[in-house]
Amino acid sequence: MNARERDLQKGLRLLHLLHQTNPYPQGPGTASQRRNRRRRWKQRGLQILALADRIHPLPDSPTEGPLDLAIQRLQNLIIKDLPNPPTSTPTAQASTCIPPIWDQLVPRSNPSSSQGCGRDSCERGEDLVGSPQESGRRDHCNTQEDQTRG
C-alpha cells in the first residue's frame, strides 16, 4: 500500500467514527423536546458532512481520460450487415414442437349437470368439502328470502 491509499483509509476510518458519534435521537419527552433533539442531531450531521468534505473532498467532475477513451471505443463500433432471412417456409414438425412443460398439461373438463354451473353455484349437491348436503338445510344463496322471513 502506498502513502496515498493509507491516507485514504485513515480518512475513511475517521469519517466512519464521526458518523458513529451522532446516532439518531431516541427517548421520551414532549413533542418540543423531541423536535429540538432532532434539530440538534441534524445540525451535528451537517457539521459532520462539512468535516467529511474537508477530509476527503470529492472531485467536481470526472477525469477526462476515461470519458475520451469511451468515446473512442464508441466511434470504432461498426454496424455489420445482417444475413439474409431464410427463404424456406417452416415445416410441420417445427410448428408441432411443444415445450415439454406444456405437453403434460391437461385441459379442465366441464362440470357435469349434477354439479351445477361452477365453483360458486348454489345448486350443487355437495358443499365445498365434498360431503352431500343435508336435506333439512336451506339454500344459503337465498339470503333475501331469509331476511324477509325474519
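Backbone N, Cα and C atoms are what each Cβ position is placed from, and that goes for glycine too.
Lifted from Swiss-Prot, the feature list:
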{"type": "REGION", "residues": "14-22", "note": "region 'Homomultimerization'"}
{"type": "REGION", "residues": "19-39", "note": "region 'Disordered'"}
{"type": "COMPBIAS", "residues": "20-33", "note": "compositional bias 'Polar residues'"}
{"type": "MOTIF", "residues": "33-47", "note": "motif 'Nuclear localization signal and RNA-binding (RRE)'"}
{"type": "MOTIF", "residues": "69-80", "note": "motif 'Nuclear export signal and binding to XPO1'"}
{"type": "REGION", "residues": "102-150", "note": "region 'Disordered'"}
{"type": "COMPBIAS", "residues": "107-116", "note": "compositional bias 'Polar residues'"}
{"type": "COMPBIAS", "residues": "135-150", "note": "compositional bias 'Basic and acidic residues'"}
Residues of the same chain, at least six outside the motif 'Nuclear export signal and binding to XPO1' (69-80), with any C-beta under 8 angstroms of its C-beta? none
Taking all residues of the motif 'Nuclear export signal and binding to XPO1' (69-80) together, what is their mean pLDDT? 78
